[in-house]
């Protein structure tokens, strides 16, 4: 499902550089505005969707979403103006293993982004002008056709949660093992009431603002990749005229780098005992250096390509930072974690809704100078805020250990008596 989600997200940029811009007469920042429409729909659905999952089965909810956006994706192929592509965009909207599992999940989305470019290349070579439709329109049709079977699969085979799963491929022993692997404090916990008291408790801790701000900054350090800057750079290159195949294939190297980086960092931080903060410092270094490479006077095309490929490694923050948040909140209830995780996504996308228009408008291609300076600022902020979250996580862990020790000593005395 996550693969299909990112397959759709990437197809807008692939279609844009494959003839959609000219056919629908895009100009100025209209490409950015469509991304903003997607982001607004994503933001509005965050908290309701997360809380709905707390009450409803993921099988029906996720499968329904997938089927709906598959249909809307295919409908986008029939667009006759720029505005026709906007509605569908708005509808998308164990601790030691947590990093690796999050990494595999994130890597599947990056694989969707990567394959999107290759699919567009194949479509252009085999379906372009078939039945009078240009290749970029066929891309939306094919993506939609890919999505709908996945929705059907999700409805019947999605496992839900360890406590509610009825997946036919899991035995009773498998289900018992899944529940046993949950933190002990959640085994017999009663469902948390969704009320003002819960909201007050969540908003009174550092978890919400700490991780929301962390992900807001991290989300903007992905801007080179999420705003398809390499594809726009190639489309607007001052001296080189790239082919449609090159415009789709070359940027696919960025999510490929992201997949490798995500899996390496997810595995490494698990191996190092959950030192997720290392990724924050890596992101800070990467953002400053790659921006400087692009800003440097006389930078060659090869240097700029290298900078954008290197910047793809920043995708590692997705798996690592959400794993970090779950690490810290593993003793909290499901509703608490849902609110914070939804807040992270919502906060990031509220900023994303206007960030690309201000700092990365398509009209600033090929060099996006204002965006480079914004990236340097975000990267420095990333390193600083990572230090803050690291300290708060350490302090909370120490307080929990200190509070548990007196209880353990009391148990020992009771047994001795």
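In case you wondered, yes, glycine gets a Cβ from its N, Cα and C as well.
Curation plays no part in TrEMBL annotations; they are all automatic predictions.
Transmembrane segment is the annotation TrEMBL gives to one range among 39-62, 63-86, 135-158, and that range is 135-158. Within the listed segments 165-187, 372-394, TrEMBL records transmembrane segment for the stretch 372-394. Among the listed stretches 135-158, 208-233, 253-272, 279-296, 372-394, the one sharing the most Cβ pairs under 8 Å with the transmembrane segment (338-360) is 208-233.
Scored on C-beta pairs under 8 angstroms, the neighbour of the transmembrane segment (104-123) with the top count among 135-158, 208-233, 253-272, 279-296, 372-394 is 253-272.
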